[in-house]
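Structure, as structure tokens:
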Amino acid sequence: MQKESIYGLTREQLVDWFLAHGEKKFRATQVWEWLYTKRVASFSEMSNISKSLMTLLEENFSLNPLKQVIVQEAQDGTVKYLFELPDKNMIETVLMRQEYGLSVCVTTQVGCNIGCTFCASGLLKKQRDLTAGEIVAQIMWVQHYFDERGLDERVSHVVVMGIGEPFDNYANVMNFLRTINDDKGLAIGARHITVSTSGLVPKIREFADSGLQVNLAISLHAPNNEVRTSIMRINRSFPIEKLMAAIDEYIEKTNRRVTFEYIMLSQVNDRPEHAQQLADLLRNKKKLSYVNLIPYNPVSEHDQYSRSSKEAVLKFYDVLKKNGINCVIRKEHGTDIDAACGQLRSKQMKKEKVKNQ
């Protein structure tokens with residue numbers, strides 16, 4: 001049976017586990033420091049803990065459960081990792097070099113059931129949720145890469161926007177957030193972490209009550225129900241009116257800005273009237289709204305879509321700006337590698353299938 005990754009425990013949970021096994025609280029603190037401050041690669045490197053405690057840890061936990069399968073490096077410094085999990089499932093993680101630091105995009109599920117018609121992540125249906133440990137391990141793998149090479153760089157920003165719907169794996173994602181945000185561990189600031197959801201309304205409300213200062217992003221991608229339902233199946237369950245009501249509640253409770261992700265699809269959602277509808281939709285919350293216009297990365301399986309022209313994107317941007325909406329055209333990363341989320345995994349799974357036939 002596969003042992004749980006110790007990365008899956010928050011500091012509080014680690015302390016509770018130690019106390020339940022007859023160990024002192026300060027031992028848990030020592031182990032936590034070895035994991036996240038000294039960032040060791042094995043329990044045997046924890047030089048100030050007893051042999052019996054080391055054995056106890058080795059019997060109950062694994063450290064990093066990921067196995068690297070493929071690494072793609074782009075000319076702009078973006079690195080895309082394909083990892084194999086202990087059950088042979090595969091996930092993707094992306095490192096992006098930004099002006100403000102190193103940002104990592106993590107995956108939260110093996111596959112995705114949300115079924116957005118433009119997305120490579122949903123080409124392979126959800127097999128299971130990732131554990132909190134498997135999500136934390138993605139950050140640790142990237143950080144170890146820099147540590148091992150003596151590079152004085154650290155992961156400073158995290159976006160929970162990889163394969164899967166984070167709020168469909170809510171409990172594990174929340175434990176992941178608490179672990180990486182812990183000031184005695186990786187200490188990645190809450191305001192440097194963004195969680196994206198396609199619009200699971202009950203979980204948006206729950207997230208508003210969580211007390212975490214983590215940023216929220218909404219994968220909106222359309223300004224009206226007709227267009228959104230045609231490209232995002234989730235809109236049937238949670239139409240725009242319900243989604244916006246939940247966001248209004250979130251803003252009222254947290255007073256935090258919400259980012260709206262908007263993939264630009266040629267002749268689908270990119271016309272000036274769509275931009276005006278979006279501006280009207282956000283008018284009552286424009287002080288705490290931020291629109292991220294995203295150039296579409298074409299996916300061969302979704303050839304009904306193509307990216308909007310630069311002219312269409314700029315016109316859309318101008319309409320939003322004239323309406324007082326804060327917006328930006330997202331800078332592209334890794335365009336010379338499998339840039340679309342889920343693309344690398346999908347390609348590799350196809351290769352494996354052919355190989356095994």
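Any Cβ shown, glycine's included, is placed from N, Cα and C.
Annotated S-adenosyl-L-methionine binding in Swiss-Prot involves GLY164, GLU165, SER219, LEU220, HIS221, ASN297 plus, out of the candidates SER196, SER237, SER266, the residue SER196. There are 26 other CB atoms within 10 A of the CB of CYS119 ([4Fe-4S] cluster binding site), with all protein chains counted. DSSP assigns CYS105 (disulfide bond) to a strand in the three-state reduction. A simple way to gauge crowding: the CB of CYS116 ([4Fe-4S] cluster binding site) has 20 other CB atoms within 10 angstroms, across all the protein chains here. Most Cβ neighbours within 10 Å, among the recorded positions CYS105, LEU220: LEU220 holds that distinction in the structure as shown.
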